[in-house]
Every structure is written in C-alpha cells, then in structure tokens.
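> Structure incoming, see below.
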C-alpha cells in the first residue's frame, strides 16, 4: 500500500501539470483577494457606507479566501477542479492506468493510493492559495487602505485551514468526476462549465424562484459557508449574512459528501471495468 501511495504521489509531482495549475490558481487568488480588499472602507456617492467599513475577523475571512468564494465566482476553485479531472483522465487517455492495474492487481489499493495522492496535491495547492491570497489582500490593505491585516486573528487563521480543506475537496470532486466521465475533453469542459457558468445560472434561477434553501447546496455557496463564518458587512449588504449559508461545519460536511460520492462511484466503476 505504502509503495503504491508513493508511486502515485511521485507520478503527480514529476509532471508540470500540478505546478502549472498552481501558478494559475495563485494568480487568480492574488487578484481576487486584491479586489476583495479594495472593498474595505468604500463609501457610496452619498457618503454612506458601502458595507465593509473596516477590517474585522469576518472581512478578513472574505479578503483572504476571496478566490474560493461563490460571490467571486469560485474562480480559484476551478483550477483544483480541473486538475483533479486531468490527473485521472490523462491516465485513461494515455493508458498508463493499465500498467498500474497490472502491477497492482488489487484495484482497491490503486483507488486508495490515487485518492490519497490527490488529497496531497490538493493540500499543496491549498497552501499556495492561502499564501497568494494573503499576499494580494495584504498589499491593498497596507498600501492603499491603511487597515490592519489581522493575519493572526482567530477567525482568519481558521479560514487558512478551511481554505486548504476546500481546495482538497474541489480537487477530489474533479478527480471523482473524471473517473465517471473518462473522455478528457468532455470531462474538463463539463466540470469547468458547471463550476463557473452552471453555478451562476443556478444561483440566479434559485434567487428568482425564491429557493434559498436549495441555493445553499450549490458547491460555491457551500464553500463560502465553510470559509466565511460571519457576515463581513455586519448586515449592511443584502446578499451577505450567514443566514444565506449553512453553518460552516455543515457546509463542509455536505461539500465533502459530494467529493466522497463522486470518488466512491468513480472508484467502483474503475474497479469493475475490464483492463484495456
């Protein structure tokens, strides 16, 4: 088992794919955290507050995890999602999975090893996301806003950890989906299209229909519920507020459940298919 895990981890980290995705994700995380930080202290034309008066634990959570939040399109999450899809579909496309299954006849060992390797690379991307987000947010807050960074605030520190967990889960969602839809081009297009446009359309549709509970189950909104545990606007912005999301722990459990279901179904399908 240990040898299979090491082999799968080595297989990922000896390619350019993971760090290429990491660079793209870091760039989006940096820019989106800059955008979120720029909202702090803004006022409306009439001089009233625009909703985010100063840095608090809640606004810090928003700033330092902006790239993953549904309100910002979960843009950073698209990279671990796509990476998870590509990691497994590349093996199907180039038939490298065949050699792995032949070398390790017990397919459940291969499935567990691949899943653990995906968790490792997802965690690495999560750390990269946290560093990039802090860098982008801190730049704006220090140079243009004269606001405290609150990097050691307990709420902000908790968001560092949940950001890493969220990145791991999005990578696993892509991995599981890639095992179910083995065509690489189709899997990537469908996953990314849903991650961006699909979630946007669902949010709009549910808002029009007034289905607030259903909207909480959208992956991007679950991610927001995990990362931002209080209303960063203090109730000043209509779309804010923790009542629009499940509690952070429930959001995390549901999102992890999505990843677990996809990964489990994909593993069962892979274990039952003939080796080609």
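A Cβ is built for glycine as well, from the same backbone N, Cα and C atoms used for every other residue.
Please treat TrEMBL annotations as automatic predictions, because they have not gone through curation.
As listed in TrEMBL for this protein:
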type	residues	note
TRANSMEM	21-42	transmembrane segment
TRANSMEM	62-88	transmembrane segment
TRANSMEM	108-140	transmembrane segment
TRANSMEM	160-181	transmembrane segment
TRANSMEM	188-211	transmembrane segment
TRANSMEM	246-269	transmembrane segment
> Residues sitting near the transmembrane segment (21-42): Cβ under 8 Å, six or more positions beyond its termini, same chain?
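Sequence-distant neighbours of the transmembrane segment (21-42): 50-55, 59, 62-64, 66-68, 72, 75-76, 79-80, 82-83, 124-125, 128-129, 131-141, 144-145, 147.
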> Thinking of Cβ pairs under 8 Å, which stretch from 62-88, 108-140, 160-181, 246-269 has the most of them with the transmembrane segment (188-211)?
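The stretch I would name here is 62-88.
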